[in-house]
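**Q** The structure's right below; bear with me while I get my questions together.
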Amino acid sequence: MIQKDVKEKRMYKFPTLSKQQAFLLTKLLSPQDRQSALPIISELTCNNGAQIKGLDTAIFALDKSYRDMFFQNVLPKMAKYALEMLELPPKKELLISEGSISFTRKEIYQFLSLSFFGLLVTQDEKFPDTYNLGYILQTNIEKAKCYLYYFIMASPDLENEIITVERITFNADYHIKQFFPNPQANILEDAQLWSNCEKNLQTIEFVDQKIEEQQNCILVDFANKYVGGGVLRNGCVQEEILFTIMPENIIAVLFCKVLDFHQIVIIKNTIRYCDYEGYANSFRFVKRQPTNLNQNILVLDAINYKNNPDKQFQQNEIMRELNKAFIGFSLSQSAKEEEFLYPISTGKWGCGVFKGNTQLKTIIQLLAFSASTKSENQKRRMIFSTFKDKQLQFIKRDVDHIIGKYKTVGKLFSQLMKITPKYGVFEFLLGQK
């Protein structure tokens, strides 16, 4: 049986600067130019002697006014904020178990400044092993442009605004008793709990857009169990892009322990600082006016089936993904009613490099979303993005037919449990009599 997490408490570990690091950082408090600043940044961030070509090229691509602003105003501000944080470090708990932690935008700017200068330190083996920006500054020009733009454009007028990171763990009193009428089970892995669920299947809205284009929504992050995935290294698919164009999300990378199978994370109130074109190796920075689009980021990690795609059709695998999505879509016990009315903006969760089956993941999310409505009167919306998928009209048609045929969560779940890899999921569900 899954028990509610026992609350662990560990504080974030801040670095202790060497005399040389303190000396170099202090030098950056004064206005600089490219010739004087880059060797200092390189020495701080690259103790292996590597060159910061990514940063250098990103700076060169800036308009002259932005270049001058970076060296004369922004870089001294970053050094000042980094030193301020280390002189009087805030007491911040790591998100090891269930709970939430709040940051001001200024605090996140300070953390990311420390990351820029290569000064953050590891927490332990259950946290991401990359937490500084050094790799990007050395090698990744387009990502470096995104972070550079963040440091330049972050508004001092918004520094006191609050960003919250919440880690949510399965809780039977909430996730079962409040969502499943008359439950006979106390774990989500009980198939009877799902097959007896008489809640109506909800409608999914399919759109030909990017997931992050939806405003005033809960935006699903197709996550790695290590929050942020490869955002601070080579990774540049959905999660990494989301964290790169909204760099304040990286605070969750620094503070969240690896996710367990019954845990999710929600990040609230981060700002979109830039746009982008392309994907993976074709990713390119695009300038935009920073905007708070009122998007809560739902960090939802899927299983990686790259080495064995057929495994995802096993009943225990379907249950794991269903329960993960359900815990995510159920938000937290403290969520206000208005948060439940934010549309969930999702798409092909776990269907890229993790090789999830698109049709299977669509039905799993349909079931999880339908079960996460507290009552028939609660008008929730799910918006499913199929960006540039030529099959959009057929996906919508088939899902609508499946909803019309099975009508309830329990009936659709029971049939899905009979699926095998040799069938197309929609074909199997629609072909049954």
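Glycine residues also receive a Cβ, built from the backbone N, Cα and C atoms like all the rest.
Per TrEMBL, domain 'PARG helical' is recorded for 63-167. Annotated domain 'PARG catalytic Macro' per TrEMBL: 192-393, in sequence order. TrEMBL lists Asp221, Glu239, Glu240 with the feature active site. The annotation substrate binding site is assigned in TrEMBL to Asn224, Gln238, Tyr279.
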**Q** Rounded to the nearest Å, what's the C-alpha distance separating Gln238 (substrate binding site) and Asp221 (active site)? Just drop the number here, would you?
**A** 7
**Q** Mind looking up the mean pLDDT for the domain 'PARG helical' (63-167) in the predicted model?
**A** 96
**Q** Which residues of the same chain, at least 6 positions away in sequence, have a Cβ lying under 8 Å from the Cβ of Asp221 (active site)?
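**A** Set apart from Asp221 (active site) by at least 6 residues yet with Cβ under 8 Å, we have Gln238, Glu239, Leu242, Phe243, Ile297, Leu298, Val299, Leu300.
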**Q** When a 10 Å sphere is centred on the Cβ of Tyr279 (substrate binding site), how many other Cβ atoms does it contain?
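**A** Taking all protein chains shown, Tyr279 (substrate binding site) has 15 Cβ neighbours within 10 Å.
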**Q** What is the three-state DSSP composition of the domain 'PARG helical' (63-167), stated as helix, strand and coil residue counts?
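**A** Counts, helix then strand then coil: 58 helix, 14 strand, 33 coil.
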**Q** Roughly how wide, in whole Å, is the group Asn224, Gln238, Tyr279 that binds substrate, by largest Cα to Cα distance?
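**A** Looking at Asn224, Gln238, Tyr279 as a set, their Cα atoms extend up to 17 Å apart.
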**Q** Using Cβ atoms only, which residues of the same chain lie under 8 Å from Asn224 (substrate binding site) while being at least 6 residues apart in sequence?
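**A** Non-local contacts for Asn224 (substrate binding site): Gly230, Glu239, Asp301.
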